[in-house]
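S.K.: Pasting the relevant annotations from TrEMBL:
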SIGNAL    1-24  signal peptide
DISULFID  Cys33-Cys247  disulfide bond
DISULFID  Cys82-Cys91  disulfide bond
DISULFID  Cys96-Cys102  disulfide bond
DISULFID  Cys151-Cys236  disulfide bond
DISULFID  Cys156-Cys219  disulfide bond
DISULFID  Cys164-Cys182  disulfide bond
DISULFID  Cys186-Cys195  disulfide bond
Amino acid sequence: MASSLFLCTFFILAVTTLTSPTAALILTLVNNCNYTVWPAIQPNAGHPVLAGGGFTLHTLTHQSIPVPDVHWSGRVWARTGCTYSGTAFSCASGDCGGRLQCNGAGGAAPASLAQVEAHHGNGDYVSYSVSLVDGFNVPMTVTPHEGKGVCPVVGCRAELLATCPSVLQHRVPAVHGPVVACKSGCEAFHTDELCCRNHFNSPSKWRESVYSNFFKHACQTKVTFAEENPLFRNQCSPPRGIKAIFCHGKDQPF
C-alpha cells in the first residue's frame, strides 16, 4: 500500500447544536426513498426507548415522535430489505437482532447513522450529526424545523451503493447477492490501523484512508478525524423539531 495512504479514520459528516424551545421537541423520520425502510432508534444508556425502538415506514411517508422534555440522546438509522419468515424478522442491512422493535438494541453495521442529543447544557441545546463510522446503507440527512440562525442540513444525500468499491460491498446473500450497504474500512478488514485499536488507539495515529476518502468525495461533505480541529458545530434557535430524512435528494425540499 502506498506510503501516502493513511490508515485510520473516523467519519463524522457534521455536528450541529441548536437551542430548543419550551414546546416539546418532535423528531420526525421521513422516508423519501422509493422503497420501504424500517427506521430504528437506539437510546444511549440511561435514556428511554422512543417508539418501541423501531417500526415500518413506507415510501413517501413520515412518522413524528415526541422527544422527552428532559435530557435525551440516541441514534437513528434505517434498516432495509426486511422480511418475515414465519415469525422470524430479519433485515438485509441495519438489523437489530431480528426484531421489528429494537427496544434499545443496536444495529448491525454497515448503516448510515444519525446521532441526536436533546435538552443538554445551560442553553437547553439540541445537537445532531450524521456519521459514516459504521458505513453506509441509505442516503440520510438531518435538519432542524423552523430554526433560526445558522441551521444547515447535515448528512449525505448521495446514493453510494452503485459506486461502492468492491472490497467494501456488503451483499445479501453474500458474494452474488445485490449490494445492500457499503462497509467502512474497519468493518471490511478488521485491522487495528483502520479500527483505531491497540497501538493505533491514539490521536497521533488517526488518519484518513483511501476508504474514508471514498465517502468524503462521494458525499462532498466534511470528514473530521481526531487530530483535526474540534467537531464542526453550528447553533440556531428555536427549532420546533428535528427531521431525519432518508433519501433526501438534491431536488427535494428540506
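For all residues, glycine too, the Cβ spot is worked out from N, Cα and C.
Help me picture where these features are in the structure shown.
M.R.: Every protein chain considered, the tally of other Cβ atoms within 10 Å of the Cβ of Cys247 (disulfide bond) stands at 21.
Cβ neighbours of Cys82 (disulfide bond) (same chain, under 8 Å, six or more residues apart in sequence): Thr36, Trp38, Thr56, Phe89, Ser90, Cys91, Ala92, Asp95, Leu100.
In this view, Cys96 (disulfide bond) is surrounded by 25 other Cβ atoms within 10 Å of its Cβ, with every protein chain counted.
Counting every protein chain shown, the number of other Cβ atoms lying within 10 Å of the Cβ of Cys219 (disulfide bond) is 20.
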S.K.: Find, for the listed disulfide-bonded residues Cys91, Cys102, Cys164, Cys186, Cys195, the residue with the lowest Cβ contact count at a 10 Å cut-off, counting only other Cβ atoms.
M.R.: Cys195
S.K.: Which ones are near Cys156 (disulfide bond): of the disulfide-bonded residues Cys96, Cys102, Cys186, Cys195, Cys247, which have a Cα within 10 Å?
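M.R.: Final answer, ordered: Cys247.
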S.K.: Measuring Cα to Cα, how many Å separate Cys164 (disulfide bond) from Cys247 (disulfide bond)?
M.R.: 17
S.K.: Using a 10 angstroms cut-off on Cβ to Cβ distances, just flag whichever of Cys33, Cys156, Cys182 is the loneliest among these disulfide-bonded residues.
M.R.: Cys33
S.K.: Using the alpha carbons only, what distance in Å do you get between Cys96 (disulfide bond) and Cys182 (disulfide bond) once rounded?
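M.R.: It is 17 Å, counting Cα to Cα.
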